[in-house]
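Working notes, beginning with the structure itself.
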Amino acid sequence: MSFRKTHPLIKIVNSTLVDLPSPANLSVNWNYGSLLGLVLVIQLITGIVLATRFSGHSDMSFDSVISIYQDSNYGWLLRLVHSTGASFFFLFIYLHIGRGLYYGSYVYPEVWNIGVLIYLILMGTAFLGYVLPWGQMSYWAATVITNLLSAIPWLGPTMVEWVWGGFAVGNPTLTRFFALHYLLPFVVTALVILHIFYLHIYGSSNPLGISSNTNKVSFHYYYSVKDLYVYFVFFFVFMVFTLKYGYVFMDAENFIPANPLVTPTHIQPEWYFLFAYAILRSIPNKLGGVVGLLLAVLVLFLFSVSTSKLLFSGTIYSPLARLLYWSLVSNFFLLTWLGSCPAESPYNEVALVATVTYFTFMLTMCALPHISTYLYLKS
């Protein structure tokens with residue numbers, strides 16, 4: 001037998017990337033997973049290198065970022081690659097989740113739930129990284145988001161002080177945020193390996209939404225070459241954004257050192273959190289806003305409930321499901337835009353309506369496969 005099939009370590013890679021049986025009809029929509037793996041590697045490498053020159057101290061953090069730009073060889077490039085990579089990471093995550101919803105990938109509960117868990121941890125990791133440069137937006141975003149814990153009855157105020165390490169966001173907060181931002185990507189990497197492990201046990205979905213057990217092809221060369229082509233396209237677009245538009249995803253306020261005495265006119269997170277931020281702001285009650293913020297993501301877990309009994313999944317053969325799906329996508333874009341708008345009328349009222357429709361579309365899409373299966377069996 002071939003060496004790659006007998007060596008105890010190489011054969012694991014072989015079964016994952018070479019001889020993996022794959023559906024013969026996978027489209028470009030199935031490339032986002034491999035792109036996410038590539039971006040994760042880029043983020044890990046650039047993050048570890050940047051950590052060697054970064055100082056997680058409130059007095060030196062902002063200056064250390066400037067030092068990385070000015071005093072380190074290609075430090076400016078590493079920092080821009082890392083910050084731009086975060087935006088591309090979440091872009092591919094949303095496309096990956098969107099493809100999963102459209103084609104019914106939630107019928108594999110273990111794969112789906114681990115994926116949603118990865119998304120949750122990545123949201124936390126990205127938020128921690130947003131705080132590290134210790135600019136104005138970093139400081140006040142940390143203050144606003146950590147203050148949400150105070151909405152928890154009884155324990156809230158104590159938990160806020162515990163997270164802060166004092167009575168306000170300061171050096172202890174930054175130090176522990178830096179430590180967590182460094183460690184969490186390795187947790188994500190472990191979950192990604194588990195995600196791929198379960199994916200290879202249950203198999204992949206496909207554009208037709210039917211079993212592909214009778215029509216499989218080897219992953220290499222067919223899909224490995226296809227992935228390489230997409231990698232080249234990604235690298236071209238990624239480097240254009242990094243080198244020509246490197247600051248387009250950054251907030252101008254974050255180029256000002258953190259000042260606890262001056263509040264920015266408009267506090268907002270990065271673009272990939274704006275939809276959740278709009279939901280948080282749209283609900284007048286503080287606890288209600290926090291619950292809405294959590295449910296905006298946790299609602300994805302509902303899709304994997306009782307999927308073993310489903311005869312229909314995804315939107316492929318249902319015009320109503322497709323209408324709901326694209327309405328949800330439009331609603332997501334609307335919430336993202338509203339999250340970047342000032343917290344005033346009429347944006348608050350529109351955001352509240354968009355929040356209600358977001359959960360309506362989500363819950364209806366979640367229930368529709370079960371309703372369709374019930375009506376089919378009843379008839």
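Heads up, the Cβ atoms here are built off N, Cα and C, so glycines get one too.
Among the features that Swiss-Prot reports, transmembrane segment is placed at 32-52, 76-98, 111-131, 177-197, 223-243, 287-304, 320-340, 348-367. Taken from Swiss-Prot, the feature heme b b562 binding site covers His82, His181, and the record attributes it to similarity to another entry. The heme b b566 binding site annotation in Swiss-Prot covers His96, His195. Taken from Swiss-Prot, the feature ubiquinone binding site covers His200.
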Beyond the flanks of the transmembrane segment (111-131) by at least 6 residues, Cβ under 8 Å: 86, 89-90, 93, 96-97, 100, 105, 137-139, 141-142, 145, 173-174, 177-178, 180-181, 184-185, 187-188, 191-192, 194-195, 198-199, 202, 269-270, 272-273, 297, 300-301, 303-304
Distal contacts, the transmembrane segment (76-98) - CB-CB under 8 A, six or more residues away: 29, 32-33, 35-36, 39-40, 42-43, 46-47, 49-50, 65, 68-69, 115, 119, 122, 126, 129, 234, 238, 241-243, 246, 249-250, 270-272, 300, 329, 332
C-alpha spacing of His195 (heme b b566 binding site) relative to His181 (heme b b562 binding site), in angstrom: 21
When counting Cβ pairs under 8 Å to the transmembrane segment (32-52), the leader among 177-197, 223-243, 287-304, 320-340: 177-197
Fewest other C-beta atoms within 10 angstroms, as judged across His82, His96, His181, His195, His200, which are the binding-site residues: His200
Spatial separation of His82 (heme b b562 binding site) from His195 (heme b b566 binding site) - C-alpha basis, Å: 24
Inter-residue Cα distance where the pair is His96 (heme b b566 binding site) and the residue listed as 'ubiquinone binding site', in Å: 17
